[in-house]
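First up is the structure itself, then whatever we jot down about it.
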Amino acid sequence: MRLVARVTVFLTFGTIIDAKTTQPTSMDCAEGRAANLPCNHSTISGNEYVYWYRQIHSQGPQYIIHGLKNNETNEMASLIITEDRKSSTLILPHATLRDTAVYYCIVRV
């Protein structure tokens, strides 16, 4: 019998300076499955990047990935940016309990 754990991924609203992004307040997924974390940034300008960070309990923020127009992938995650750049999705390909954190979507130059 396979035990399926739930991974709770907490997201925050806005950015540190401006409320240029909106995200769901929280979401969860089954362990081992992909977690798709959406972010809306409808007022993004042409030279602003989308950055994703996460903060695990009692630790400082950790950089995950960033992109301008193209989709990006690294060893931690993938970033899908829509063609009009008004929204993006961070994809954690195989979420585990270690991925439980507060995730920040930030738009900046």
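Just so it is clear, glycine is given a Cβ too, placed from its N, Cα and C backbone atoms.
Annotated features, as they stand in Swiss-Prot:
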type: SIGNAL; residues: 1-19; note: signal peptide
type: DOMAIN; residues: 20-109; note: domain 'Ig-like'
type: DISULFID; residues: Cys39-Cys105; note: disulfide bond
type: CARBOHYD; residues: Asn40; note: N-linked glycosylation site
type: CARBOHYD; residues: Asn71; note: N-linked glycosylation site
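Here the features listed in Swiss-Prot are placed on the structure.
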residue : record                      : DSSP (3 states)
Cys39   : disulfide bond              : strand
Asn71   : N-linked glycosylation site : coil
Cys105  : disulfide bond              : strand
Cα separation, Asn71 (N-linked glycosylation site) to Cys39 (disulfide bond) (Å, whole number): 14
Alpha-carbon spacing, Asn71 (N-linked glycosylation site) to Cys105 (disulfide bond), which is rounded to whole Å: 15
Sparsest-packed of the listed disulfide-bonded residues (Cys39, Cys105) - C-beta count within 10 angstroms: Cys39
Local Cβ density at Asn71 (N-linked glycosylation site) - other Cβ atoms counted within 10 Å: 13
Cβ neighbour count (within 10 Å, all chains shown) around Asn40 (N-linked glycosylation site): 16
